[in-house]
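See structure below.
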Ligand SMILES: *[C@@H]1O[C@H](CO)[C@@H](O)[C@H](O)[C@H]1NC(C)=O
């Protein structure tokens with residue numbers, strides 16, 4: 001499956017490459033040669049890039065240079081990052097780790113030893129490393145656009161080997177020394193920080209093949225493409241001569257000491273893995289396919305159950321109702337109207353706060369199309385984890401470009417409600433929902449910035465985001481609204497009476513609030529397993545790549561949201577309660593409420609975050625996600641209910 005996606009991807013890139021001279025950066029294969037050939041481009045040096053460090057125990061990532069490791073070379077430029085990477089807090093820098101392709105070595109010093117004297121400045125530097133070890137911060141190194149993986153056998157089950165695309169700074173011996181510290185020393189001290197200052201990188205490469213295109217035969221002997229990079233860690237105090245001692249960090253500096261970082265490299269030939277499928281093993285190292293199928297099965301069962309129920313209730317009752325309503329031609333019998341037909345003179349009565357509802361609907365439509373198109377692109381393989389930050393960039397750009405449908409829908413709905421303040425409508429559609437998201441994002445950024453975290457986006461990017469919003473999205477919304485207002489009011493099947501009808505007293509089940517609260521349960525039930533993986537990818541830094549599943553779940557979410565809303569809407573109309581506009585939005589929108597509850601549950605049960613700052617960041621981002629989910633699900637519910645109500649009242653005769 002994955003392989004096919006990549007095939008598709010590479011052919012598409014090739015097409016782009018041929019026609020437009022354009023390709024997605026980082027996704028074209030790079031050839032490596034032991035010596036530089038004259039007439040064909042081939043890299044001789046393998047460079048390691050370092051990303052920001054993060055931890056599942058805090059929500060605050062830090063740049064590599066926040067810690068006192070070998071400082072990144074200032075002269076070299078950092079690779080260009082796309083918007084999505086910057087917004088998501090990735091900070092990729094060149095590093096001092098670089099070496100010639102194809103040459104094994106060990107014990108090469110990475111930089112001059114870092115010396116620590118008895119002074120406040122060095123004390124602070126040491127403290128950041130100690131804190132980093134204690135909070136379990138992880139390095140993320142990148143070689144040839146691939147994450148460097150760290151594999152180890154589990155201490156409690158030596159037959160199992162786990163690999164992850166990140167590795168710790170060091171280890172702290174707290175309870176079980178040998179479990180806490182995967183080091184090969186006989187004796188480790190208790191309650192000690194050991195630093196991993198020796199890294200041995202193993203690089204697998206696929207040797208040159210003749211089907212690599214017409215340039216391949218020009219490549220020298222021994223050329224290849226990198227298909228895997230892994231790392232082994234060790235802790236060695238190089239200042240002790242003659243015997244091997246682990247590098248234990250002192251809690252306090254009472255005498256001068258130095259840390260030396262060294263590394264080694266081994267190149268291994270791997271003819272079995274192709275460059276195009278080199279990501280498979282990283283992605284397969286987190287085997288969740290079974291759970292994914294379970295998740296789909298779970299959602300499908302809910303959908304079948306719900307569809308069955310909806311079909312049974314609606315088809316049976318509705319058909320009977322409509323047949324009966326239409327039989328009662330004239331006069332006497334018509335007086336004995338009952339059920340939902342009774343409210344025909346009120347069902348399209350404009351709601352209170354119609355302006356606000358139309359704003360939410362406009363933004364909801366924008367988010368709906370953004371999600372839909374992003375997922376389609378993701379399914380086609382354009383947004384795989386190999387293409388860093390592409391998912392977020394795609395979503396942001398789409399959101400900005402989809403201002404037109406937002407303005408259009410908001411304007412048409414507002415016009416339907418008989419609103420007259422069309423200027424406010426247009427401006428608020430363009431500013432309200434994005435403003436809420438941007439406002440929260442800005443506050444979170446201030447907090448991150450004050451804490452020196454790398455997740456704080458730079459001022460330039462903030463301005464760029466503002467520019468995208470105010471410079472592109474807002475004008476596009478105005479264009480949409482212009483066309484929306486120019487169109488005639490949406491045709492409704494029945495006319496609204498002058499005087500509003502009294503709504504009878506409701507039983508518990510038909511009262512608004514219980515209906516709204518119940519409405520979100522089933523849609524949430526369909527998505528919560530996927531949510532687990534999505535939250536994992538955001539907060540536990542696991543890769544998310546099963547977009548096929550996600551797309552399926554999105555479709556299922558649309559179906560369940562519509563069906564529950566239609567069903568509850570029907571019950572309410574039968575109970576002669578015609579306030580359905582807002583209720584339909586809130587019924588399915590309450591999925592977001594469950595989503596937020598789930599975020600709380602995830603925080604408590606899955607994460608080990610400590611401190612107010614982390615919690616603030618976590619819940620800030622959760623709130624943004626909840627708001628987006630609310631707009632999305634609410635809009636789905638509203639439009640399905642609108643369609644349903646128009647349909648049923650269109651099929652009965654009203655004099
Ligand atoms: C590097 O080490 C690997 C594994 O020991 C070996 O297979 C390979 O031939 C070595 N390469 C060179 C250039 O010595």
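Cβ coordinates come from backbone N, Cα and C, glycine included.
Annotation comment: TrEMBL describes 1-21 as signal peptide.
Nonlocal intrachain contacts for the transmembrane segment (293-315), taken as residues 6+ away from its ends with a CB within less than 8 angstroms of a stretch CB, comprise 522, 525-527, 529-530, 549, 552-553, 556, 559-560, 563-564, 566-567, 570. Residues or ranges marked as transmembrane segment by TrEMBL: 293-315 (among others).
TrEMBL lists 359-383 (among others) with the feature transmembrane segment.
Positions annotated as transmembrane segment by TrEMBL: 389-414 (among others). Listed by sequence, the residues of this chain that lie at least six past the ends of the transmembrane segment (389-414) yet keep a Cβ under 8 A from its Cβ atoms are 24, 81-88, 90, 354-355, 357-359, 361-363, 365-367, 369-371, 373-374, 377-378, 382-383, 422, 425-426, 429-430, 465, 468-469, 472-485, 487, 490.
Annotation comment: TrEMBL describes 426-451 (among others) as transmembrane segment.
The feature transmembrane segment is assigned by TrEMBL to 457-485 (among others).
Sequence-distant contacts of the transmembrane segment (516-539), counting only residues of its own chain at least 6 positions beyond either end whose CB sits under 8 Å from a CB of the stretch, comprise 56, 59, 288, 291-292, 294-295, 298-299, 302-303, 306, 546, 549-550, 553, 556-557, 560-561, 564-565, 568, 583, 586-595, 598-599, 602, 606-607, 618, 621, 633, 637. Per TrEMBL, the feature transmembrane segment maps to 516-539 (among others).
Proximity of distant same-chain residues to the transmembrane segment (545-573), defined by a Cβ-Cβ separation under 8 Å and at least 6 residues beyond the stretch ends, is recorded for 1-2, 283, 288-289, 292, 295-296, 299-300, 302-303, 306-307, 309-310, 313-314, 317-318, 339-340, 343, 347, 371-372, 375-376, 378-379, 383-385, 509-510, 515, 518-519, 522-523, 525-527, 530, 533, 579-580, 583-584, 587-588, 591, 633, 636-638, 640-641, 644-645. According to TrEMBL, the feature transmembrane segment maps to 545-573 (among others).
With a cut-off of 8 Å between Cβ atoms, the residues of this chain six or more beyond the transmembrane segment (585-604) that come close are 357, 360-361, 515-517, 519-521, 523-524, 527-528, 531-532, 535, 539, 557, 561-562, 564-565, 568-569, 615, 618-619, 622-623, 625-627, 629-631, 633-638. Taken from TrEMBL, the feature transmembrane segment covers 585-604 (among others).
Residues annotated as transmembrane segment in TrEMBL: 616-645 (among others).
Against the transmembrane segment (616-645), the recorded stretches 359-383, 426-451, 457-485 differ in Cβ pairs under 8 Å, and the greatest number is found for 359-383. Counting same-chain residues at least six beyond the ends of the transmembrane segment (426-451), those with a Cβ under 8 angstroms from any Cβ of the stretch are 60, 355, 358-360, 362-363, 403, 406-407, 410-411, 457, 462, 465-466, 469, 473-474, 477-478, 481, 613, 616-617, 620-621, 623-624, 627-628, 631.
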